[in-house]
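What TrEMBL says about this one:
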- 531-720: domain 'STAS' (DOMAIN)
- 100-127: transmembrane segment (TRANSMEM)
- 133-150: transmembrane segment (TRANSMEM)
- 184-211: transmembrane segment (TRANSMEM)
- 249-280: transmembrane segment (TRANSMEM)
- 292-313: transmembrane segment (TRANSMEM)
- 341-361: transmembrane segment (TRANSMEM)
- 418-438: transmembrane segment (TRANSMEM)
- 475-507: transmembrane segment (TRANSMEM)
């Protein structure tokens, strides 16, 4: 009672509207409307139109391909330049140590991390549409590259004239091995860039949508574990082989544990000290974020201190601490990648291309939304493709957006791509002028930088509790992405996770929610009868809704749920009718037998009396009354066939996006079966594209006319009330 009063009070306070119109079905409505005339273009006309060029169209395409031509002439120097300079310097200071560190992850010498922090970053300034992301080396992509390089050129490789294993520790061997791994990484970058460029030109920017957030977060968390385990040997100063492929994490941990007794104490002390300093610096930057004009560049500070301590104490010679080693001064001449490697790394290139684009575009969208501008996903693909493919000729490996550097670039006042260009110029100065100063830098310092930067990714383990509360299916995607990527490797793990995510989509459409709708009194609004107390059903009318499309995967479950929810199973009713008819026929047959037997008994009695010369009494024989026996009472009862308790069924098609041939056949079967038991079926709120699909599938005929379609549930309800349930008859 209280709920009813609250409901009425709420209605009185809200605005009202009243519309008086005829009850439409789709056929009547189409007669009232006039379609716009559209002249379909032939394929030749479409090609001619797309190839037609005008100065305006050419200018638009040029600005789209080179966004810098659009924003640079309008660049407000006084407002933006200072912020971009500060941001560029701050990002460049981070770019330098991360480039050196992530090169170790990619299984190439550190100087190639510097090349990858210059060429692609500078190119993105011209082709990118995001004003705030920092392009360059990134842990996950570097780890994927390293896995491919190690698989193609394992540590056990004996080649280039080496015929015995006693040269494994020689400098010549390491140089030969690293040269081959660089060739693999560079070719992989070239192929990744070509794939991204082709996808962008073909307007395939939508491929990133298949990498859902739970999938990406589970994948990157597993990648963080891979990265962490790969850096343990550098932190501890242990020499072990590097593994790739399935169970590489297990093999890496086992290798480190088997040689834990050979830990280099000096390397461990230096690395642990750097980790502590970096964590303290990050906490200070976080606590005093509002007060500090720019974050404290702890990474470059740690690099400078580590280099100074290593050079002053001669850690390489005195304590056998592994250092960065030779950093060639100046830029390398361009070289063509090793094309013959492409077949062996093609699948890996596809995975890196999609993951790299997904990382970049997701971060770009966040900043674009925050600062009120738009990005072009297809142009981002083109930009990344150019950065990777062109950069590969200058010995850089695959790159993408770095989350940590992007946050620094945005928070320190970066306004445009100028900030990224300035950060790349800082890296260029190091390459051409002072790179040799970092040769004594211990590798354990770079390992510390990598490990501390994984802190944000390890926080993603908290996603488990979040998804447990919000969505079990998304939790399953996260767990599968994490476990598969952890144990099968990043390449096969990603493919497994994408396949599982697709399966969850099929599962959701196969197992939608089914509802019976009822009317909110005195309105044309219909809601779930099980959810709201005020909602009432019309007597004799059932309104059924499924929140999914109708196609081959869920057509059977749709029909089953329809019968269960409405409580009307035409097959069961028809079977009950056949059974009742058979029973009735048997009863009639039994009654006839009784009647025939009684007649025979009377005739026998009459014959016996005649034989005994008995005379009739009052004109009747004494046994005549026996022949007038009453028929069995069952025969006198009126035969009643089983009937459903409804006369009309309305299917709400508002949530239906498409119907395939199997779905159309199922729908036709539903209409036919329910018609046989006296229940009329209507379809309400069917969208234009779905109606067109049904027409193409020859759904409508004399048995299923278009008059069964109604523009709204309320129209269908009123029509069913007026026709007494003969909607499909």
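Quick reminder: no glycine exception, Cβ is built from N, Cα and C everywhere.
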Segment proximity, the transmembrane segment (249-280) to the transmembrane segment (292-313), 3 or more C-beta pairs under 8 Å:
yes
May I ask which of the stretches 100-127, 249-280, 341-361, 475-507 has the most CB pairs under 8 A with the transmembrane segment (184-211)?
341-361
With a Cβ cut-off under 8 Å, give me the same-chain residues at least six positions beyond the ends of the transmembrane segment (475-507) that come close to it.
140, 143-144, 147-148, 210-212, 214-219, 221-223, 225-226, 244-250, 347-348, 351, 355, 463-464, 467-468, 553
Could you tell me what the rest of the chain brings near the transmembrane segment (249-280), counting residues at least six beyond its ends with Cβ under 8 Å?
225-226, 229-230, 232-243, 298-299, 301-302, 305-306, 309-310, 315, 319-322, 442-445, 447-449, 451-452, 455, 486-487
If we skip the immediate neighbours and take only residues 6+ beyond the ends of the transmembrane segment (341-361), which ones have a Cβ under 8 Å from one of its Cβ atoms?
130, 133, 135, 138, 140-141, 144-145, 147-148, 152, 183-184, 187-188, 191-193, 195-196, 199, 205, 207-208, 211, 216, 219, 375, 377, 380-381, 384, 388, 398-401, 403, 490-491, 494-495
